[in-house]
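Below is one structure, written out as structure tokens, with a few remarks after it.
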């Protein structure tokens, strides 16, 4: 009640003062008895206003559109516009002077105050301005009090942005799960089984939360996910990497078998049909061709059909040359090896597995490789190369590799009939077999074995 009474008294005093000044200006009698009495009344009202202002120093009121224009004109004309002091009213959060949204009132933007004189006395009136936050309300960031620092105080919007930034950073750089599959069957004699350094079977999930890129204890990080298979059909390979220390990255690869490429059977259908005549079919059986009293191996060697001549010519021109040393990359997966004679890359794969039976068909060989078919191939043949314990190419003798007229990649059955069965017919006499299927040494590698060992092997084959 005291506060309301003080405000009413203040408003009444201002109204009377305004009316009095208006009357004085209209009459023009500034030195008469009435003027003296008016001056006394004005002094009395001014004293009352000062008393009321002292007792209600914390009183504030809101400027509204309904305030009389004369009151605003008089206030602006005789009093300097005060620097705004902002208070927190009950239920209405008003901005304090220290907040980044505080601003100075721009008089030209207010029609009622545009002509105000701000050089008069200040009646010590406090003005509370309420600013409602909204998308269209922006603070004046260019004006700051003299004693304020150049940076602004964090606002709730800034805090929300910081939380969103932290969540995005965590999503991009941390808390990633890596699936590790240790049950894949892709190991061979040069590649230890996958997961040898992890004892838990099946799938494991590695969490990299709050860890550096690599483990400082053993110098190895977690394996990345396997890459996409390098081919969409046929035989390809996949790779994955992990950190092994500073400026060190370990790479691991494995084979991935996709469905056969469409069209390869159609591409080689004619050749497969013609070659099947040599292997045996309902119309022609190679084993029945030879009589009991004839040398079957000799008959096989002397069979020189026009198709076979043309086919062998294509084989010699189509197949790559054997590398002089065993390419160790084929032990892990199929590999592309550049052929300097053909001037292009050829895909190779390891052929040293148990099913190759090297101890029977290639007794002195330790490793063998076989070229792979491609859509550019004009035949179904594959180059077959074998290597000794020193990983050097065996160019002659019983351990040397010979071209396969039918690749096992196309048909294992036809390969057996065309390439393996003649060796059986010749009773393992590699000297005659290699005469019909000479080993490849297109890159002019060092002859192996030595002349002495080769002559010894040749004599043993003849005596057998």
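Glycine too: its Cβ is placed from the backbone N, Cα and C atoms.
Source: prediction; values computed, not measured.
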N-linked glycosylation site per Swiss-Prot (candidates: 39, 285): 39
Of the residue ranges 9-29, 114-134, 135-155, the one that Swiss-Prot records as region 'Disordered': 135-155
Most crowded position, judged by CB atoms within 10 A, among 229, 233, 244, 248, 256 as disulfide-bonded residues: 256
Spatial neighbour of residue 233 (disulfide bond) that is closest, considering only the disulfide-bonded residues 244, 248, 256 and their CA atoms: 256
Distance [Cα-Cα, Å, rounded] between residue 248 (disulfide bond) and residue 256 (disulfide bond): 26
